[in-house]
Amino acid sequence: MNANELFEKIRVKQVIGTLDINVTDITTDSRTASEGSIFVASKGYTVDSHKFCQNVVDQGAKVIVVNHQQDINGDVTQVIVPDTLRVASLLAHTLYDFPSHQLTTIGVTGTNGKTSIATMIHLIYRGLGKGSAYLGTNGFQINEHKTRGANTTPETVSLTKKIKQAVDENAEAMTMEVSSHGLSLGRLRGVEFDVAIFSNLTQDHLDFHGTMEAYGHAKSLLFSQLGEDLSKEKYAVLNNDDDFSKYLASVTPYEIFTYGIDHDAQFMAKNIQESLQGVHFDFDTPIGTYSVKTPYVGKFNISNIMAAMIAVWSKGTSMEDIVRVVENLEPVEGRLEVLDPSLPIDLIIDYAHTADGMNKLIDAVKPFVKQKLIFLIGMAGERDLTKTPEMGAVACRADYVIFTPDNPANDDPKMLTAELAKGATHNHYVEFDDRAEGIKHAIDIAEPGDTVVLASKGREPYQIMPGHIKVPHRDDLIGLEAAYKKFGGGPSEH
């Protein structure tokens, strides 16, 4: 595309050079700039990428978007604007032909449940035989092809490229987890959402947002981003079991569907039957009552599957078809995932990393604990520590608790476990500053009939260590290796 055409609707501050040149790509990552690229520099929290402008010119970039003139050598056009990342969104959506307009785009926000709901929607679409994409904590996936990602919500250019890739590979729908960080930082500017889903709001990320009010406001941006053009068929799906839904309803101009278990809603789960193999409930809806079976465990997963079903139904799929598919869905990776049912213990991993999430996790597991409940949790470094003692208190609903760090980064692991221990309500706990050793200890003390829950990480494949270095780590693999060593079994014996 000609750069003149690309910048046509942007009121730039100053252009040094010519825009009468062809460009093929846009990037905010200096390492990926190449011949014909537009490079957008920005000043981040830790790095100002303006300092890489000479590098990108040497790599062949034809245009750089900056917030002040750069002293660099080479044949390059400089476009000076006050807000480079805002311009990056405009450029990316224009260059890639507004890809979110070309498929059904569903956004899921909330403190807990984002990954489960978004994954369930993706799996429902695949079960219906439709092309689908997922983007979130577990990576980026088009149909069954998956790649890992660094952030729940990628920066704006990378996000737009992923939506474009989904369109090019014939996805009919793309479901993405929408983080409060991504909303606050403007990473989703220009994304045309068709359905916005809210799961819940509990304390988290106050190290970034400062207050619960600011955190809640960030979540609400997804619903205001639906826009005001009422000629379009757009929907909000809100959890009536969370009081924050009332506020979100007030800022949403489109039709709203509410769901709930404990509070009256348009869509409700009734006559719930639970086991470690899944749940069965009557789904009471405005269009009839359906008998729903799912492989997911726990009351909170009933809320999650209702939200997913409503979202898919709202865009035209019959509820009968959705109910049929839901019965055979795969587990959501790292979300109340039972590892190897042949073991004499119930070994479970989960991503719960807030007090509310852990409460719901323990509520889900406790009815099926045959002997002891051994519960391992971690606290992340460089995060809001005000929530930590409450997490420790909730963990002590278990019979035995193991406190560990979780991505300690530059914080002292012993300090993190001590903060968790401040909330302990009994003395049946131990602290490990090495998470892997804590997991091995959990298995070592477990006896047949016990339930071991490894919480906080799910299948996250690394630990963030000092210097923000990512060291390979998998709770599930460490736990299984220790369990097979103690109890026997494993892949070689199956």
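Cβ atoms are placed via backbone N, Cα and C, with glycine included.
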Motif 'L-lysine recognition motif' per Swiss-Prot - which of 74-77, 158-161, 334-337, 406-409: 406-409
The motif 'L-lysine recognition motif' (406-409) [mean pLDDT, rounded to integer]: 94
DSSP three-state assignment (helix, strand or coil) for S116 (ATP binding site): helix
Site of maximum Cβ density within 10 Å, from binding-site residues T111, N112, T115, S116: S116
Rounded Cα separation (Å) that holds between K219 (N6-carboxylysine) and T115 (ATP binding site): 15
Cβ-centroid neighbourhood (8 Å) of the ATP site, G110, T111, N112, G113, K114, T115, S116 excluded: V108, I117, E177, S199, N200, N304
Which same-chain residues, if any, lie at least 6 apart from G110 (ATP binding site) yet have Cβ under 8 Å of it: I197, F198, S199, N200, L201, K219, N239
Secondary structure content of the motif 'L-lysine recognition motif' (406-409), with strand meaning DSSP E or B: 0 helix, 1 strand, 3 coil
